[in-house]
Amino acid sequence: MFIYKDINYAINNRFRGFYPVVIDIESAGFQADTDALLEIAIVTLKMNKSGWLKIDDRLHFHIIPFKGSIIKAESVAFNKIDPFNPLRGAVSEKNALKNIFKLVRKKININKCRKGILVAHNANFDHNFLMAASKRVGNLNNPFHPFTTFDTAALSGLIFGQTVLAKACKLAGIPFDTNQAHSALYDTIQTAYLFCELVNRWKRLGGWPPNSSHRKKTDEI
């Protein structure tokens, strides 16, 4: 294996100035504008000097359903969340997003990126809920790209021929406990490991950096 010493392996160079943040949202339905957001977790990422993507920090919040939101019985039965259980320690959408956006902006600045980009499994769902919640609480200087995402379901379908998170993780060599599935924190962590493996596997196979055959090679350190 080789690395290319003349390549800029900073994360901002790898993703065109975007900073990837892995997110999972659990909700009380599928309609982002009307159904309650119940739980959210994020995992930030970092890239080492050789260009390998790794997990960094994490945040996790249970969310109080916003006023007037719809809670669909079949959805909470599926994710096993009792929205009104006081032991959840739930906070408002505004409180959760304020802390999440603060951390993401910090990571964007540290890594000299321009904007955050959401990474999720079936990313359209999580992106819609995040943007709807951000709008409800007055945006709070939302650091995420308004429409571009990285979808690990699509990427896993390409690389592994599987779009189900548990099956993709298994093929990637990542443990997956189905008893913990649909916990926002657990799913976010496993999705983060999966995304890192997808990115790193592409690098191991020679797909990154692109068009690098002309570059000066040196033994990997």
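Our numbering is plain: 1 for the first residue shown, then up by one each step along the chain.
In case you wondered, yes, glycine gets a Cβ from its N, Cα and C as well.
According to Swiss-Prot, the domain 'Exonuclease' annotation covers 21-195.
Look at Swiss-Prot and you will find Asp24, Glu26, His182, Asp187 tagged as Mg(2+) 2 binding site. Asp187 (Mg(2+) 2 binding site) counts 24 other C-beta atoms within 10 Å of its own C-beta, drawing on all protein chains shown.
According to Swiss-Prot, the Mg(2+) 1 binding site annotation covers Asp24, on the basis of sequence analysis. Every protein chain considered, the tally of other Cβ atoms within 10 Å of the Cβ of Asp24 (Mg(2+) 2 binding site) stands at 28.
Phe30 (site 'Important for substrate binding and specificity') carries neither a helix nor a strand DSSP state and counts as coil. Among the features that Swiss-Prot reports, site 'Important for substrate binding and specificity' is placed at Phe30 (among others), with the record citing sequence analysis.
Under the heading site 'Important for substrate binding and specificity', Swiss-Prot lists Phe78 (among others), citing sequence analysis as support. Every protein chain shown contributes to the tally, and the Cβ of Phe78 (site 'Important for substrate binding and specificity') ends up with 11 other Cβ atoms within 10 Å.
Residues or ranges marked as site 'Important for substrate binding and specificity' by Swiss-Prot: Phe125 (among others). Taken residue by residue with DSSP, Phe125 (site 'Important for substrate binding and specificity') is part of a helix.
For Phe147 (site 'Important for substrate binding and specificity'), the same-chain residues lying six or more positions away in sequence with a CB closer than 8 A to its CB are His127. According to Swiss-Prot, the site 'Important for substrate binding and specificity' annotation covers Phe147 (among others), on the basis of sequence analysis.
Here Swiss-Prot flags His182 as active site, proton donor/acceptor. Listed in sequence order, Glu26, Phe78, Asn79, Lys80 are the same-chain residues at least 6 apart in sequence whose CB falls under 8 Å from the CB of His182 (Mg(2+) 2 binding site).
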Integer Å distance between the CA atoms belonging to Phe125 (site 'Important for substrate binding and specificity') and Phe30 (site 'Important for substrate binding and specificity')
8
Give me the CA-CA distance between Asp24 (Mg(2+) 2 binding site) and Phe125 (site 'Important for substrate binding and specificity'), in Å, as a whole number.
9
Fewest other C-beta atoms within 10 angstroms of its own C-beta: which of the recorded sites Phe30, Phe125 fits that?
Phe30
Mean pLDDT across the domain 'Exonuclease' (21-195) comes out at 97
Neighbour tally for Glu26 (Mg(2+) 2 binding site), based on other Cβ positions within 10 Å of its Cβ
25
In three-state terms from DSSP, label His182 (Mg(2+) 2 binding site) for me.
coil
